[in-house]
Each structure stands twice: as structure tokens, then as C-alpha cells.
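J.: Below is one structure. I have some questions about it.
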Amino acid sequence: MFYSIVAIFVGAGLGALLRWFLSLALNAFFPAVPLGTLASNLIGGYVIGVAAVVFTVRVGLPPEWRLFVITGFLGGLTTFSTYSVEVMTHALEGEFGWALAVAALHLTGSFALTALGMWTARAWLAAA
């Protein structure tokens, strides 16, 4: 149990730090669509696709690795709450086109990158 807690704790901290760094580095470029939040969610979508396949196929991996990557790191990296407030801020300011665009970018992008991550992992594992 102790190692599980540590794995989640460390993973979440690293994921949250990466999200913060991405926001610092990217959000100023295009304020209408905060690119740091988008990058965090898209990267998270890709990584969870890879992780879902790897942890399903490589059943011998210690369970703490799954907790570190999926529960911790990706839980800290991805952010539904920030995405929600960004979409609703546009909507409440009457910018319905931007609200819809931001929502669509996050949802379709994340699904597409999750599928790409799963495909990547399957191809990588098949070649190994």
C-alpha cells in the first residue's frame, strides 16, 4: 500500500508540474484558446492510449507503475476542470463560437490522440 501511495503522489506531482510548465510556456501565444491546457489534455490523451495497451499486454509490470502513470501522472497532467472553466468563460462572455471550438478541440483531439496512442503501442509491442 505504501508504494502505491508513493507512486500516485510522485506521478501526480510530476504531471501537475508539467501542466503548469505547459501553461506558462504556451498560454500567452493564443489567449482565446489556452494552448497549455489543450496541450496537457492532448498529451494526456496520447499517453493514456499507449499506457492502456502497454498495461493490458504487459501484465507482469508492477501495479505501482500503472498507478504512477495513469492515476498519478495523467491525473495531475490532464485537467477537465480548467478546460470546463475555459469553455464556460467563452460562453458566459457570449463567445459561443469560441466555446464550441475549444470544446471540440479538446474532445476530438483527445479521442484522436488516444486512438493514435493505442495504435502506436500495439505496433511497438508487435514489433518487439
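Keep in mind that glycine also has a Cβ here, set from the backbone N, Cα and C atoms.
Keep in mind the model is a prediction, meaning the values are calculated, not measured.
So Swiss-Prot says this about it:
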type     : residues : note
BINDING  : G75, T78 : Na(+) binding site
TRANSMEM : 5-25     : transmembrane segment
TRANSMEM : 35-55    : transmembrane segment
TRANSMEM : 67-87    : transmembrane segment
TRANSMEM : 96-116   : transmembrane segment
J.: Near the transmembrane segment (35-55), which residues from the same chain, at least 6 beyond its ends, have a CB less than 8 A from one of its CBs?
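T.: Tertiary neighbours of the transmembrane segment (35-55) are 18-19, 22-27, 29, 61, 65-66, 69-70, 73-74, 77-79, 82-83, 86, 102, 105-106, 109-122, 125.
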J.: On the three-state reduction of DSSP, what should I expect for G75 (Na(+) binding site)?
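T.: Helix, per DSSP.
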J.: Counting only residues 6+ away from its ends, which parts of the chain sit with a Cβ under 8 Å from the transmembrane segment (67-87)?
T.: 4, 7-19, 34, 37, 40-41, 43-45, 47-48, 51-52, 55, 99, 102-103, 106
J.: Count the Cβ atoms, other than its own, that fall within 10 Å of the Cβ of T78 (Na(+) binding site), considering every protein chain shown.
T.: 22
